[in-house]
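Reading through the structure tokens given below for one structure.
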2 protein chains.
Amino acid sequence: MKLEGKVVVAQGGGPTAVINQSLVGVVLESRKFMQVTKVYGAVNGVSGIINEDFFDLTQETTHNLEQVAVTPSSALFSTRDKPDEKYCKEIFSVLKAHDVRYFFYIGGNDSADTVRIVNEQAKKSDYEFRAIHIPKTIDNDLMINDHTPGYGSAARFIANAFIGANLDNRALPGVYIGVVMGRDAGFLTAASSIAQKYPDDGPHLIYLPERPFDMEKYLLDVKKVYDKHGRCVIAVSEGIKDKNGVPIITKLIDDVEKDAHGNIQLSGTGALGNLLANYIKKNLNIKRVRSDTFGYLQRSFMGCVSDVDQHEAREVGEKAAQFAIWHNIDGSITIHRTGYYSVDYKITPLKDVAGKTKHMCDEFINTEGNNVTDAFKFYVRPLLGSGLESAHRIRAPRVSKILRKEE
Amino acid sequence: MKLEGKVVVAQGGGPTAVINQSLVGVVLESRKFMQVTKVYGAVNGVSGIINEDFFDLTQETTHNLEQVAVTPSSALFSTRDKPDEKYCKEIFSVLKAHDVRYFFYIGGNDSADTVRIVNEQAKKSDYEFRAIHIPKTIDNDLMINDHTPGYGSAARFIANAFIGANLDNRALPGVYIGVVMGRDAGFLTAASSIAQKYPDDGPHLIYLPERPFDMEKYLLDVKKVYDKHGRCVIAVSEGIKDKNGVPIITKLIDDVEKDAHGNIQLSGTGALGNLLANYIKKNLNIKRVRSDTFGYLQRSFMGCVSDVDQHEAREVGEKAAQFAIWHNIDGSITIHRTGYYSVDYKITPLKDVAGKTKHMCDEFINTEGNNVTDAFKFYVRPLLGSGLESAHRIRAPRVSKILRKEE
């Protein structure tokens, strides 16, 4: 007996470069099934459902969907709402009224938790429908998954940013600090290591939320690199914490802004970078110290996309539709690495993904806690996709001095 | 009578994505001439000359030079030194000692001024040699030139950044401020206008150094846009000044850092973005206000290059070698637009370019002084090169409400 009814797809949390691939994967695959009467897109995530604000994507052209697929950021718009039980009851009134039987939510671990709550409500309400979470996050912090769609493209941005920052810092030496997104997991910051091509290339130091950040150790690290190379490039996660787990950034801002999930606002401010730069200026005798906070560019920049990431983002959308509509299963789509480099997809119980955070494993971080290992580089490289450019140097010999022979 | 001797090429000022194209253009073209005995690259600009620190680029492989050409940032490294008369005398001691007869300096208007001073010293010293300035600056602020190599690629970065920022801001609305490089000229900030594809697309406001920045007017502008669209994307130049010509950023920082040219340090700090964001938060009832300061990514990011910019950067290098070695002329290479889109190159007296700044013309800025005109977009578009991606939207119809029909 086929479950006939409508499909609703929504996008939650922070946008990524490939989140629309997953959307289009769901829409195109769903439209093939006879039991699917309509495919709706909820505007602004779950808040669009309670507001009954839907696009009728059954009436969208396939060609335009393909154009949207290669456009970054959430085409259905997003939300930071986290539904409680009351919110979910409202969702159900709307879903029933519209005869929606398949719900796909593309998002991170917060969105997975939303799907889990919605699904529990569905069971309580004795309303048969399928709810599937489709993974998406530049943070790469979802459990079970080898990695998540959105990460590869953001990691490619970070790699390209640090390849450039390292070259710039070689040309005009000093200390350069690049602050990278990543509240609890350092995967995105760690992708900066791809810039380490030649032995003296930066980032020379990489600070991750997985290891406690100590200001005095930081100073010693920078001094050591600067003494050796006459310059220092640093990649630092916005989420670095002290030994007590307190985010360094909360030490700076009196009036900390939090979202509906209780998350502190880390992006959209250069405060952490400024603090780290000023600390070097004050305590080491280095004049040229610069910091950049990469901010929203990391997740929205046009034209910096990993093709591998694109393919996988599309497939998790397609697989979601297949699991729900062919196989009648709820859950979270997960990516599993099967070779170097190949993947397969599974469906995992929502509770194993929802609200949980994956961290970088110990094998990916060096003993000193200020860089990554080759094992991490091996892990991350295929995710960045094809066509990644590499920096090249002049290798011509130096000329003998004439006037300053004694030097 | 051919002037036989060595070539020295150097790179000065801030790196760009295509500065090595010009370097390689000079080197490969120079190596064809029989009267050129060696081609040296000065390490760290003019400071490499007084330190007798040269690469022998005659011994560099052509293949590696081609690889270096597509690598961003100055492969010979750079300097902020501005030679005075004493400094120039030291330069001559070295040049004479090494039998250098052709000097090529790739840089902005500060570097052009360096070439001018060096050239004057050459005449005084009765030492025959050719000195040529090769244009380079992401600021696009060199006189005589239609535009300058380096600008097109940086402008492409800014266009891609604002295409993404606009999409991100549509998905999660609020006020977004992107701070762009540009001390005196707004060309780079203005390139953000390429993101204005659909009528409601940002940047909705563009603030340039060419127009006085007034905090109260800014507040009114933002309120107007926010009331209309429920969101607001702003592109602002780091060099914006008040009606008295005082940079807004100097109002914030007590201990302003200056370089050897007396230029205030504007980049490598998020201070201006934070000020502008906080001013909105305090004075308008808008919660989500974010600012990003794009920083060094704008000039060094790997893999965001305009092919038009690459071609022209290569050609100004080649033309420099031809003018100096074939034609025995000093000066600055300039780019002239001859069609839409085609260019030609000339050589211009150094004094017409050195130390001067070109600003955006009135036709490029709207009457209110808070956006650009179509004339500017027509001007800038070809410089961004081919393959620039465009954003696409869902255009499917909205679904009728069932439960909230009254709305």
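Glycine residues also receive a Cβ, built from the backbone N, Cα and C atoms like all the rest.
Note that the structure is predicted; figures quoted are calculated from it, not measured.
Residues or ranges marked as domain 'Phosphofructokinase' by TrEMBL: B:6-323.
For B:G14, the entry in TrEMBL reads diphosphate binding site. For B:G14 (diphosphate binding site), the same-chain residues lying six or more positions away in sequence with a CB closer than 8 A to its CB are B:S78, B:G108, B:T137, B:I138, B:R299. In three-state terms derived from DSSP, B:G14 (diphosphate binding site) belongs to neither a helical nor a strand segment and is classed as coil.
Cβ neighbour count for B:N109 (Mg(2+) binding site): 25 (other Cβ atoms within 10 Å of its Cβ, all protein chains included). According to TrEMBL, the Mg(2+) binding site annotation covers B:N109.
Residues annotated as site 'Important for catalytic activity and substrate specificity' in TrEMBL: B:D110. Taking the Cβ of B:D110 (site 'Important for catalytic activity and substrate specificity') as centre and 10 Å as the limit, one finds 20 other Cβ atoms among all the protein chains shown.
Positions annotated as site 'Important for catalytic activity' by TrEMBL: B:K136. Secondary structure from DSSP puts B:K136 (site 'Important for catalytic activity') in coil. Other C-beta atoms found within 10 angstroms of the C-beta of B:K136 (site 'Important for catalytic activity') number 31, with every protein chain shown included.
Residues or ranges marked as substrate binding site in TrEMBL: B:T137, B:I138, B:D139, B:M181, B:G182, B:R183, B:E238, B:Y296, B:L297, B:Q298, B:R299. The Cβ neighbour count for B:L297 (substrate binding site), using a 10 Å radius over every protein chain in view, is 28. Secondary structure at B:L297 (substrate binding site), as computed by DSSP, is helix.
The active site, proton acceptor annotation in TrEMBL covers B:D139. Within the same chain, residues at least 6 positions away in sequence whose Cβ sits under 8 Å from that of B:D139 (substrate binding site) are B:G108, B:T148, B:Y151, B:M181, B:G182, B:R183, B:D184, B:A185, B:F187, B:L188.
The average per-residue pLDDT of the prediction over the domain 'Phosphofructokinase' (B:6-323) is 92, rounded to a whole number.
B:N109 (Mg(2+) binding site) is 22 Å away from B:L297 (substrate binding site) when you measure Cα to Cα. You'll find the Cα of B:E238 (substrate binding site) roughly 19 Å from the Cα of B:N109 (Mg(2+) binding site). DSSP assigns B:G182 (substrate binding site) to coil, not to a helix or a strand. Proximity to chain A (Cβ-Cβ under 8 A) holds for none of the recorded positions B:N109, B:D110, B:T137, B:E238. Across the structure, B:N109 (Mg(2+) binding site) and B:K136 (site 'Important for catalytic activity') place their CA atoms 9 angstrom apart. In the three-state DSSP reading, B:E238 (substrate binding site) counts as coil. B:D110 (site 'Important for catalytic activity and substrate specificity') is 11 Å away from B:K136 (site 'Important for catalytic activity') when you measure Cα to Cα. Neighbour density for B:R299 (substrate binding site): within 10 A of its CB lie 26 other CB atoms from the protein chains shown.
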